């Protein structure tokens, strides 16, 4: 997992997310504490439990984006799930234990890729020999069947192969198809059974190989994957994946407010919502979940929950669940200045995205500071006057603003300058007419 310090993690998040320093600091400290815990003695390590986080804030201010970026930084098994997908055991829908099963599958994939990288050099050597065997078939029954013939011809072909001179040449290779090709659909809540059936069917046809005629370049890719798969130890991968989940796993629970009881309502839906919360309790507190790869203890998995809490409050969650989310972080609503920074500062800001997209048609687009300030002001006004959807409003505003250039592309006069006057010409009437902006922006 990552060895970045909290300061470095916050700096990395700053490249994509504007503001929300308190939330960034909390997740950075939580992530660093995962690494710190792994440096402790075994006797103390088992006693240090993660401090789970509850992020509270309106929609579109960066809660989910923090999770997405954190997943890339973590270098640990990470899964993001929506709490609304799960139901109480006995109802139609997924049960909460499938979160851990999915997390284990993510870890298996991650550890397998790492294991393949570790044996990449050996796999490359074996791949090269198999391609040379296809290019220079050996005589049957010769004394070289079990020993490599390092003749001058083979060395010449090896040199050409490494230099890429034979990439376009077609050869016949024998490969074993990965998986059995079965795709089984199942109703919600039965994913585990489906997975086991697929595994069973794919194992039945595992040993059958087929001959394919492909180019050397494609053969190198296909054979490398097959040779790497032969070299890795599946049992060791399972053991490492389960250990990674138990010690470093992170679960991001989005939309947690949607399973909270809403005010004083006593509707039937609240029964199922409260059931989901009660099912989450043992996972967050620490329990053992059965997966097809083995038993997984959840005692040291970090849970980060988030929700907008428009129609409910954090106190509407059941008290036991509140107690298991001890760190509370409130994300702030975005200001006009935040909108302006969102349009310019991130490495993949919206303005840069549109400039790159339209440049493919030969249309150069330039944004002035006044134009960006006006776009930010309009987005904030519409949020303030209608429904506050945070930074997502910028997508709607920008799409409307650049609708004509996007349609005409290279037919428009280049360069196109987006200044305050152009923004007012395209969006001014919509921004001032609240009824119109309610439907269009």
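Note: Cβ is positioned from N, Cα and C throughout, glycine not excepted.
Residues annotated as ATP binding site in Swiss-Prot, with sequence analysis given as evidence: 18, 60, 61, 62, 63, 64, 65, 254, 320, 392. Annotation for residue 63 (ATP binding site): same-chain Cβ neighbours under 8 Å, separated by at least 6 residues, are 23, 55, 57, 254, 306, 331.
The region 'Disordered' annotation in Swiss-Prot covers 131-158.
According to Swiss-Prot, the feature compositional bias 'Basic and acidic residues' maps to 140-152.
Under 8 Å, Cβ to Cβ, and six or more positions away along its own chain, residue 61 (ATP binding site) finds 19, 20, 331, 332, 333, 334, 390, 391. A simple Cβ count within 10 Å picks out one of the binding-site residues 65, 320 as the most packed, and that one is 65. Non-local neighbourhood of residue 18 (ATP binding site): 62, 334, 338, 341, 342, 345, 346, each in the same chain, at least six residues away, with C-beta under 8 Å from its C-beta. Binding-site extent for ATP: residues 18, 60, 61, 62, 63, 64, 65, 254, 320, 392, maximum pairwise Cα distance 34 Å (rounded to the nearest whole number).
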